[in-house]
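Residues annotated as disulfide bond in Swiss-Prot, with sequence analysis given as evidence: C12-C63, C16-C38, C23-C45, C27-C47. As annotated by Swiss-Prot, domain 'LCN-type CS-alpha/beta' applies to 1-64, with the evidence given as sequence analysis. According to Swiss-Prot, the feature pyrrolidone carboxylic acid (Glu) maps to E1, an assignment based on experimental evidence. Positions annotated as serine amide by Swiss-Prot: S65.
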Amino acid sequence: EHGYLLDKYTGCKVWCVINNESCNGECNKRRGGYYGYCYFWKLACYCQGARKSELWNYKTNKCKS
């Protein structure tokens, strides 16, 4: 699956500014994906190849912050 990484504590997307390295590390090492980057226009980490449960979904996840 592809999409924005989910912060399971807050229900929000994992935020970033311009740091592809941190998003890629989060995607690869912690979420089982193969490539992650900071999507600049949304200021959120986008991950390719992660499990669906690791990704933010507009319909099912509510941001608490």
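Keep in mind that glycine also has a Cβ here, set from the backbone N, Cα and C atoms.
Within its own chain, C16 (disulfide bond) has S22, C23, C38, L43, A44, C45 as residues 6 or more apart in sequence whose C-beta sits under 8 angstroms from its own. Helix first, then strand, then coil: DSSP counts for the domain 'LCN-type CS-alpha/beta' (1-64) stand at 15 helix, 18 strand, 31 coil. For the pair formed by C63 (disulfide bond) and C47 (disulfide bond), distance between Cα atoms is given as 18 Å, rounded to the nearest Å. Using a 10 Å Cβ-Cβ cutoff, C27 (disulfide bond) registers 24 neighbours. Nearest in space to the residue listed as 'pyrrolidone carboxylic acid (Glu)', taking C-alpha to C-alpha distance over the disulfide-bonded residues C12, C27, C47, is C47. Of all the Cβ atoms in the protein chains shown, 20 others lie within 10 Å of the Cβ of C38 (disulfide bond).
Residue with the densest Cβ environment among the disulfide-bonded residues C23, C45, C63: C45, by other Cβ atoms within 10 Å. If you measure from the Cα atom of C27 (disulfide bond) to that of C12 (disulfide bond), you get 16 Å.
C12 (disulfide bond) sits 15 Å from C47 (disulfide bond), taking the Cα positions as reference.
If you take every residue in the domain 'LCN-type CS-alpha/beta' (1-64) and average the pLDDT, you get 93.
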